[in-house]
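Q: Below are the structure tokens for one structure; questions will follow.
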Amino acid sequence: MATLIRSKISNVATSVSNKSQAKVSGVFARLGFQAATDEEAVGFVHCDDLDYEHRQGLQMDILKSEGSGEGGEPPLEGDIHYQRDGTGALPPSASKDEGVCSELSGQGKPRITAWEAGWNVTNAIQGMFVLGLPYAILHGGYLGLFLIIFAAVVCCYTGKILIACLYEENEDGEIVRVRDSYVDIANACCTPRFPTIGGRIVNVAQIIELVMTCILYVVVSGNLMYNSFPNLPVSQKSWSIIATAALLPCAFLKNLKAVSKFSLLCTLAHFVINILVIAYCLSRARDWAWDKVKFYIDVKKFPISIGIIVFSYTSQIFLPSLEGNMQNPKEFHCMMNWTHIAACILKGLFALVAYLTWADETKEVITDNLPSTIRAVVNIFLVAKALLSYPLPFFAAVEVLERSLFQDGSRAFFPNCYGGDGRLKWWGLTLRCTLVVFTLLMAIYVPHFALLMGLTGSLTGAGLCFLLPSLFHLKLLWRKLLWHHVFFDVAIFVIGGICSVSGFIHSLEGLIEAYGTNSEE
């Protein structure tokens, strides 16, 4: 009997020791060290899989009791059932809202401060696409300036209510995070009748916006190079082809570490360029055409301006992930306030002074109005910024497509595009190359920066920034909303819908007209 008891105690001790080693190996694996044994590595990968499924909104058992099958023994320490709202049993070493997998994945994962989160948002809403805002003022006048302010207020508000949709109240009355992404929110709104259709709609809108962003980078690269060297016998389409040839290595990207560093430097350079443009405009302040800024609007072209302005504020796609990685998520609202206030001031100032400088001669890309002596230098920096920014939306679009078409388990349309050794198979490489070529073809046949920007902003920008957040907020939290929140959500949905439809129709008409003109030429 004593021997049996000692054997049992030894087995339990061994089991607990193995689990502790697996946890330690998992943490070291997060930090870049190899696991001690193959068994531990497999266990940690399994934990990663469970964490991935949890992020999709599922609940499951993380660890199985190794001794529960003998004599109905109670589970060992660490054998828990994880719940998304954190109400399940937890090991003593875990906090109330963290399970074992979150413990493994969270400790080696650095969190970002509110300032770092604000930099990411600023980088998204203060990018190259502000170059088209003076063109929006050309067709909207003072109403265009008002729209820049209005879009900042609305996008800031919808960003906040989108994050509110990630949280719910548990049985103890505590607000807990139960969702992790825009897709999770969309699926929750369509449950139980259509539990996945909402996520598919959001994914399609996300892919369209990301691909259109890539197309715009190619278009603006060709446009800037053509206007920088007008005396060279190279057309804008040829410059677009040259730019795309430089982008072909994007098809072989495995990560974005190196690209992100260069992109950061180019973003800083872009801010310097904006300051240079404003400084040049201020030097010509005596010649500003205040009388050209009108209160009337061009009914045919102003809806295009709406799409341009809305597209310049799109950041809702990555806000859930950004908020989830903040050290103090309570600072999210403050961060959204100051980033959008700063964006509103800078965009309004940039658009107004640039339009006052060139008035009716304002072009789709404002740097094309600069004198030839400085235009080439400024435009070359902008082209470098565009080419180094292209991999970011391209890689994001590829990941969504690969997950939907090749890696979605039994629901995947095609075999997995990655081999057992992690290498990309030929059909996965074909998808990436096809996407690069598609962006080139679109840039060649529709080389109109403002029209494409207006079309994208009206179609996916308004949908992801105005329509869907307000709709989801009403659907998930309507019982707890105050009357003014309901009023704001309904107003944003109606106004956003009208602007989206109007801008999309007029942008599409403009593209068709421009394409017909190019065909005749």
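Placement of Cβ uses the backbone N, Cα and C atoms for every residue, glycine included.
These came from TrEMBL, pasted as-is:
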DOMAIN    111-507  domain 'Amino acid transporter transmembrane'
REGION    64-94  region 'Disordered'
TRANSMEM  143-167  transmembrane segment
TRANSMEM  207-226  transmembrane segment
TRANSMEM  262-282  transmembrane segment
TRANSMEM  302-322  transmembrane segment
TRANSMEM  334-356  transmembrane segment
TRANSMEM  376-401  transmembrane segment
TRANSMEM  426-446  transmembrane segment
TRANSMEM  452-474  transmembrane segment
TRANSMEM  486-505  transmembrane segment
Q: May I ask whether the transmembrane segment (426-446) has at least three C-beta pairs under 8 Å with the transmembrane segment (302-322), counting pairs 6 or more apart in sequence?
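A: Not in contact, no.
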Q: State, in range form, which of 207-226, 376-401, 426-446, 452-474 has the highest count of Cβ pairs under 8 Å to the transmembrane segment (143-167).
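A: The stretch with the most contacts is 452-474.
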Q: Determine which residues of the chain contact the transmembrane segment (452-474) at the Cβ level, with the cut-off under 8 Å and only residues 6 or more beyond its ends counted.
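A: Same-chain residues near the transmembrane segment (452-474) but 6 or more away: 129, 132, 154-155, 158-159, 161-162, 164-165, 182, 185-186, 189, 202, 205-206, 208-209, 212-213, 215-216, 219, 303-314, 316-317, 446, 481, 485-486, 488-490, 492-493, 495-497, 499-504, 506-508, 510-511.
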Q: If you count Cβ pairs under 8 Å, which stretch among 334-356, 426-446, 486-505 touches the transmembrane segment (376-401) the most?
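A: Against the transmembrane segment (376-401), the leading stretch is 426-446.
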Q: Mind checking which residues of the chain, 6+ beyond the ends of the transmembrane segment (334-356), have their Cβ under 8 Å from one of its Cβ atoms?
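A: Residues 114, 117-118, 121-122, 125-126, 130, 133-134, 136-138, 144-145, 148-149, 152-153, 155-156, 159-160, 274, 277-278, 281-282, 288-290, 292-293, 312-313, 362, 366, 369.
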